[in-house]
Each structure stands twice: as C-alpha cells, then as structure tokens.
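Lifted from TrEMBL, the feature list:
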type	residues	note
ACT_SITE	Cys279	active site, nucleophile
BINDING	12-17, Asp37, Lys42, 90-94, 131-132, Glu168, 279-282, Arg349	NAD(+) binding site
DOMAIN	335-448	domain 'UDP-glucose/GDP-mannose dehydrogenase C-terminal'
Amino acid sequence: MFSKVEKVTCVGAGYVGGPTCAMIAHKCPDIQVTVVDMNSEKIAEWNSEKLPIYEPGLHEIVMAARGKNLHFSSDIPKAIREADLIFISVNTPTKNYGRGKGMAPDLKYVESVARTIAQHAGAPKIVVEKSTVPVKAAESISFILREAQKNDTRLAFQVLSNPEFLAEGTAIRDLSNPDRVLIGGESTKEGQEAIHHLVSIYERWVPRDRILTTNTWSSELSKLAANAFLAQRISSINAMSAVCEATGADVREVAHAVGFDSRIGNKFLQASVGFGGSCFQKDVLSLVYLCESLNLQKVADYWMGVIDINNWQRRRFADKIIAELFNTVTDKRIAIFGFAFKKNTGDTRESSSIYVSSHLLEEHAKLAIYDPKVSEKQIRMELGNNVDKQIVEKLVTVCADPYEAAAGAHAIVVLTEWDEFKELDYSRIYSSMQHPAAIFDGRLILDQPVLRDIGFRTFAIGTAPDQAYNLFGSSGCC
Ligand code: UDX
Ligand code: UDX
Ligand code: ADP
C-alpha cells in the first residue's frame, strides 16, 4: 500500500524535529527530507548561518546537507502532499488552562497537524508521532485521518509511534548512536508494512537489534516511563543529598558506591539543584494525570513524589543561600552562574535557575546573571513569567562575563554545570567581591578546598557544611 520512502517531511522544526531530520538527511543521502514549521522566522533561521538552536555538531551536518537533501520550508501543504512519510514533531507543553490545567499535555498542536495532513495528503501516507504524547494519542490522530479517508478513496494512513530519546546538548551523539530506536504500530498487515518502512530508514545506521518494535500503546507509554524513571533517579539522589548534608556523608561518595552495583548503574546519579528541561516535569505530570484518569491514585501519588522532591530541592537550595547570607539578601548583589537547564544548551525551559533566581528576587536580592549561551531577552522573559516584571527590570542585570557578574557580589551561585566555571580565576574573583564572600555550588563542579584556601565560604549540594564558617549550624533551612 505504501511506496518506498523517498521523501520525508517533518512538521515542527524545534529541538526534536530539526536535529532528528538533519541526522536522517545526513545518513540517507537518497532520501529528500523537508522540515516545515508554522513559525516562518524559525524556518528563516534554519536557512541562515545562525541556526535557531545550539547543539554541538549540528551546524556541520546541517550545512553539509542543506539545499541537497535537507530543506527547511514554510510551505506546509506542499511538503505534506509530496511526502511518503510524515513526522509530527510539534510541542506538547503542559496545559495552562481548562481541564487538566497544570498536569495534562496540551494536544492542540498535534491535533492541528493531523487535520492539516488530512486536508492536504492526497495519497497514502505513513504518519509518525515523534512528539511525546499521552498513551492513546495515536488513536485520536488515526480517528481524524480515517474521517478524511471516508471522503477520499485515494487516501490511506498508518499512524506509528516513534518517540525520540535524544537529550539536549548531546542530540547529535544520541541520534547517531542511540541506545535504542522504538517503533510502535498496529499488528495488522498495513501496520507491519508501515513499521517496516520506518525500520528501513533507521537501519541504515542503527544496528537492527537496537530497533525495537512494539504495539502502539507500549511505545507511547515507554517514552513516558523512561523519562519518569530518569527523573526519579535524580529525585532519589537529590533526596539523599539532603540526608548527606545533615549527616556528614558526601553525596558524591554515596552515588559512586551505590552506582557500582551493576543492577543500579552509575548514570544519572548526579545530585543537583533539581532537574529542568522541557521533558521531565511535563512527562511525569502527564503520567500522573493518566494514572488519575485511570483511577490509579496510589500510582499517581508515587510519581508525583518525584516532582515534589524536585520543587523542594530548588526551594531548599534557595533558602540555604538566604540563611547563609545572614538571613537577608535584600539589596545584596548575588552572581548567578548559569541559566540554561544544563550545560551545552541555550535552552532555559523549566530550568532550576528560573526558580532559584525568582525566589531570591522575591527576597529583593540584586541578581547579576551570566550564562554563555542564553540571551538577556530570554533570561528576562523567563523571570518575567515568574515574578513581577518591574522587579525583574529593577533587580536583574545580565552580564557578558562571569568576572563582571561576580564583581561587588556577596555570593556566587552556580546553577548550570558549564565547564568554563571550573576554569575561572577564583582568586581574582574573590578579590573583586564583598567580604565575607560565599560560593553556593548547586552542581558540585567546583573544588571546595581550593576555594576555601582562597578565603571563600563554600556550600555545595549534598556535602557536609563548611564547618569553619557555618554560622548557622547544619540545619540551614526547611
Ligand atoms: C537484597 C539485595 O539484592 C542485596 O544486595 C542485599 O544485600 C540484601 O537484599 P535479597 O533480599 O536476598 O537481596 O534478594 P533480591 O534478589 O534483591 O530480591 C528481593 C525481593 O525483590 C524478592 O522478593 C524479589 O522477588 C523481588 N524482586 C527483585 C522483584 O520483585 N523484582 C525485581 O526486578 C527484583
Ligand atoms: C531528557 C532525557 O534524557 C531524554 O532521553 C528525553 O528524550 C528528553 O528528556 P534532556 O531534558 O534534554 O533529556 O536532558 P537530560 O540530560 O536528561 O537532563 C535533564 C535535567 O536533569 C537537567 O536539568 C540536568 O541537569 C538534570 N540532571 C541530569 C541531574 O540533575 N542529574 C543527573 O544525574 C542527570
Ligand atoms: P520540541 O522540543 O518538542 O521539538 P519545540 O517547541 O522546540 O518542541 O518545537 C516545536 C515546533 O513545532 C515549534 O517550532 C512550533 O512552531 C511548531 N509547531 C507547532 N504547531 C505546529 C503546526 N500546527 N504546524 C506547524 N508547526 C507547528
């Protein structure tokens, strides 16, 4: 029913659609790949020298394939008409209105793409959900497409689930060497045929035994489950970090010892000021919402605990800063090192920096923020969504380098683990600061003994308090 895949279209030119299609174009020179988006400015950026997202290695593969077999376009109907296979790769943010507000993913963008495909297809198409969606979303997409089929006998559709597991900052590495590719589809002859076509794209560079095929619902749920398990590990180690601070254990030693158990493994045990990013919170909340709708309240509560600990960890860290700065930060300059949700990305969605900074702003601290990849506009936009815009205007300065941010500050707060923060001249920084000068390391990247020798008071997540300077005892906060 479906012809050999020669043309692929991806609707949604974001963090997932852009890099994924660049990789398909890079690995399959015989396939024409077109990425479309309703945001024409974004398409213009994809067609320019400065791509709209920063990912190590992305620029090179886009430049090599662009104009040959990789195209970025705003002509959505044409790209749909011409494609044999269409990825839906649009955003599914947590709903901020109506039923499921604050919990359920908003499917309006996915549905609108399904309707556009129904309208412009004109011939059989394989439709692939790449966006993370709730279980059974493929059913809604199929329903809409089947309606179109009733009125036009030339049409035929198969909807597959093919969730993306790439992490930002390592997208190109993850795409070129994935742990696994997951494809879910129907068990019918047509469903299996569609799966076969998608498998034949990935197997050009992914070993066949790493391409897993399942039914549609297992595939959709596995994506939510994988993100929930990863988020849960971070909340588990962050919960332990609080126990470490109170007992004198060191969370790095605990993580190392625990991770040595091959049943547990050593990855994703880095204690932090809390996980951020567009996926973890959204997907855990989506899972919680799903469980509640299925009347599985115990399961919903279990997963909600992961989010609760994450929010608590952010708050705990911000409260610790205030406590250690003699219980007031009003009018004190505080340097914030890092605003992205992790290193090697300019993405700030759900970054813990937003929450820690907002809490300090509510206490009227003056923040001097530095991040190597996040623009001033983006920082102000994120903070302005969280605290009064006038407060942001008055109390926030965005700095072009970390030395400028630290000059005259009472404290430095490390919130993103950028490598460059490890290499700074902290003696120079110390002499430019107010004294006593403190460093709060929310990422455990700095060498505390060295900083203490320079004269800093130090506090790092999950480690014993700096006894020599711990004026308020280990209780700190909360
Ligand atoms: C456990 C730890 O594995 C061991 O390292 C520690 O020293 C003592 O506690 P044990 O209780 O002997 O060992 O057995 P284990 O194999 O861990 O199983 C514990 C329980 O978990 C069993 O009831 C087992 O059936 C169950 N289990 C284990 C599961 O339900 N699912 C699993 O995937 C693994
Ligand atoms: C995540 C999943 O890893 C990826 O598979 C999925 O497709 C999308 O969601 P991403 O959000 O891009 O990817 O980044 P990730 O590396 O998972 O980090 C998420 C957050 O957790 C970051 O804020 C990071 O700093 C934090 N984190 C990660 C920790 O605090 N500790 C860790 O050990 C790992
Ligand atoms: P993700 O991290 O999932 O890739 P992004 O927000 O980075 O999410 O990208 C999603 C992209 O999808 C955005 O560029 C947005 O403009 C685009 N988009 C959303 N709805 C539609 C639609 N109906 N048609 C075309 N593009 C869309």
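A Cβ is built for glycine as well, from the same backbone N, Cα and C atoms used for every other residue.
Curation does not apply to TrEMBL; its annotations are automatic.
Shown here: features listed in TrEMBL, placed on the structure.
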{"residue": "Gly12", "record": "NAD(+) binding site", "CB count, 10 Å": "26"}
{"residue": "Tyr15", "record": "NAD(+) binding site", "CB count, 10 Å": "23"}
{"residue": "Asp37", "record": "NAD(+) binding site", "CB count, 10 Å": "23"}
{"residue": "Asn91", "record": "NAD(+) binding site", "CB count, 10 Å": "19"}
{"residue": "Thr94", "record": "NAD(+) binding site", "CB count, 10 Å": "19"}
{"residue": "Glu168", "record": "NAD(+) binding site", "CB count, 10 Å": "23"}
{"residue": "Cys279", "record": "active site, nucleophile", "CB count, 10 Å": "26"}
{"residue": "Gln281", "record": "NAD(+) binding site", "CB count, 10 Å": "21"}
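Glu168 (NAD(+) binding site) sits 10 Å from Cys279 (active site, nucleophile), counting Cα to Cα.
Per-class residue totals from DSSP over the domain 'UDP-glucose/GDP-mannose dehydrogenase C-terminal' (335-448), listed helix then strand then coil: 44 helix, 19 strand, 51 coil. The predicted model assigns the domain 'UDP-glucose/GDP-mannose dehydrogenase C-terminal' (335-448) a mean pLDDT of 97. Rounded to the nearest whole angstrom, the C-alpha distance between Gly12 (NAD(+) binding site) and the residue listed as 'active site, nucleophile' is 16. In the three-state DSSP scheme, Asn91 (NAD(+) binding site) is classed as coil. Proximity to ligand 3 at the level of Cβ atoms, with a cut-off under 6 angstroms, picks out Gly12, Tyr15, Asp37 from the binding-site residues Gly12, Tyr15, Asp37, Thr94. Secondary structure at Gly12 (NAD(+) binding site), as computed by DSSP, is coil. Secondary structure at the residue listed as 'active site, nucleophile', taken from DSSP and collapsed to helix, strand or coil, is coil. On a Cα basis, the residue listed as 'active site, nucleophile' lies 10 Å away from Thr94 (NAD(+) binding site).
Taking a Cβ cut-off of under 6 Å from any atom of ligand 2, the recorded positions Tyr15, Asp37, Glu168, Cys279, Gln281 reduce to Glu168, Cys279.
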